[in-house]
Amino acid sequence: MTQAEPSSSPRADADPGNSLPRHVAIIMDGNGRWAQRRGLPRIEGHRHGVDTVRRTTEKCAALGIEALTLYCFSSENWKRPPVELDFLMHLLEQYLVEERRTLIDNGLRLNMIGRRDRLPAGVLRELEITQQLCADHTGMQLVLAVDYGGRAEIVDAVRQLAAKAQRGELQPDAIDEAMFSEHLYTAGLPDPDLLIRTGGDMRVSNYLLWQISYAELWVTDRSWPDFREEDLMQAIQDFSGRQRRFGGLVPG
Ligand code: IPE
Ligand code: IPE
Ligand code: MG
C-alpha cells in the first residue's frame with residue numbers, strides 16, 4: 001500500500017469512512033532501554049518520557065482527538081526495584097502538578113484508570129486537585145492508566161455486577177456487552193480505534209484487553225522518549241489507510 005505523506009489534517013485527507021481515530025491508546029514503552037543505550041540510569045528515560053507525553057497530548061488535542069489513554073504504570077510494574085518505583089511515583093506526582101498549565105491551556109479533561117489503593121497519598125492528592133481544576137473543561141479526555149491491569153479491570157467489573165445480582169438489583173440474563181463496558185474503568189469512553197506501542201515489542205502487556213478488541217495496532221521500534229509528532233502523524237495516516245471490517249465484508 002502506498003502511504004501519503006503525513007498531513008496535519010488527516011481528517012480532511014483520509015479515505016472516507018476511516019478518518020481520525022476518536023480514541024488513541026498508547027503503550028509508552030522503551031524508556032529504560034533508551035537511557036541504557038546512552039549509558040544513563042533507567043530513570044533518565046522516564047524523565048525524558050514526560051516531555052513526549054506533553055508534546056503528544058498537545059498534538060492529539062490540536063488534531064481534535066476525543067480521548068487519549070496513556071499507559072503510565074501497569075499493575076505488573078510493581079515488580080520493579082524500589083528505587084525505580086519511588087522515582088516513577090515521584091515523577092507522576094510532579095507531572096500532576098507541573099502539567100496543570102498544559103491541561104488548562106488545552107482545555108483538557110483528566111481521568112485516571114486503575115486501582116487506587118496502592119498509590120502514594122501525594123499522587124492521589126495532586127490528582128484530585130488537578131481534576132478539580134479541569135472539571136469544567138470540554139476538550140479532549142486525557143486518561144492516565146496507573147496501577148492499571150486489563151485483567152484486574154475485568155475482575156473488578158465482574159465483582160460489581162455479581163454484587164448487584166446478589167442484592168437482587170440485576171438479573172444475570174440482563175448482562176450484555178454494553179452493560180459490561182459500563183462497569184469498566186473506561187465507562188463512557190469510546191473504545192480505542194488506534195493502539196500505538198513504542199519500543200518495538202509486539203504485545204499488549206495487559207492493556208485495555210476488553211476495549212481493544214477491534215483497535216488497529218501500530219508498533220514502532222522508536223523508544224518513547226524519541227517518539228515525535230511525525231511518528232504520531234504517521235500512525236494516524238496509516239490508520240486512515242487501513243480497512244476496518246469488524247468481521248464483515250468490504251462494501252461493494
Ligand atoms: C515504559 O518504559 C515505562 C514503564 C513501564 C513505567 P520501560 O521502563 O518499560 O522501558 P524498557 O521497556 O525497560 O526499555
Ligand atoms: C507496558 O510496558 C507498561 C507500560 C508502558 C506502563 P512494560 O515494559 O511493563 O511491558 P512488558 O513487561 O515489556 O510486557
Ligand atoms: Mg518496558
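The backbone N, Cα and C atoms fix where each Cβ goes, and this holds for glycine too.
Listed in TrEMBL:
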{"type": "COMPBIAS", "residues": "1-10", "note": "compositional bias 'Polar residues'"}
{"type": "REGION", "residues": "1-21", "note": "region 'Disordered'"}
{"type": "ACT_SITE", "residues": "Asp29", "note": "active site"}
{"type": "BINDING", "residues": "Asp29, Glu216", "note": "Mg(2+) binding site"}
{"type": "BINDING", "residues": "30-34, Arg42, His46, 74-76, Trp78, Arg80, Arg197, 203-205", "note": "substrate binding site"}
{"type": "ACT_SITE", "residues": "Asn77", "note": "active site, proton acceptor"}
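Location within the structure of each feature annotated in TrEMBL.
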| residue | record | contacts (Cβ under 8 Å, 6+ apart) |
| --- | --- | --- |
| Asp29 | active site | Arg197, Thr198, Gly199, Asp201, Ser205, Ser223, Trp224 |
| Gly30 | substrate binding site | Gly45, Thr198, Gly199, Gly200, Arg222, Ser223, Trp224, Pro225 |
| Gly32 | substrate binding site | Arg42, Gly45, His46 |
| Trp34 | substrate binding site | Gly45, His48, Ser223, Trp224, Pro225, Asp226 |
| Ser75 | substrate binding site | Gly114, Arg115, Asp147, Tyr148, Gly149, Ala152, Asn206 |
| Asn77 | active site, proton acceptor | Leu85, Leu88 |
| Trp78 | substrate binding site | Leu85, Arg118, Asp147 |
| Val204 | substrate binding site | Ile27, Gly150, Leu195, Arg197, Ile212 |
Those binding-site residues in Trp78, Arg197, Val204 whose CB falls under 6 A of ligand 1, listed in sequence order: none
Spatial neighbours of Glu216 (Mg(2+) binding site) that are distant in sequence (at least 6 apart) but have CB under 8 A: Pro21, Asp193, Leu194, Leu195, Phe239, Arg242, Arg244
For Val204 (substrate binding site), the three-state class that DSSP assigns: coil
Recorded positions close to ligand 2 - of Asp29, Gly30, Trp34, Ser75, Val204, Glu216, only those whose C-beta is under 6 Å away: Asp29
Those recorded positions in Asp29, Trp34, Ser75, Asn77, Arg197, Val204 whose CB falls under 6 A of ligand 3, listed in sequence order: Asp29
C-beta crowding around Arg197 (substrate binding site), within 10 angstroms: 23
Around the Cβ of His46 (substrate binding site), the count of other Cβ atoms that are within 10 Å: 23
DSSP-derived structure type at Arg197 (substrate binding site), helix or strand or else coil: strand
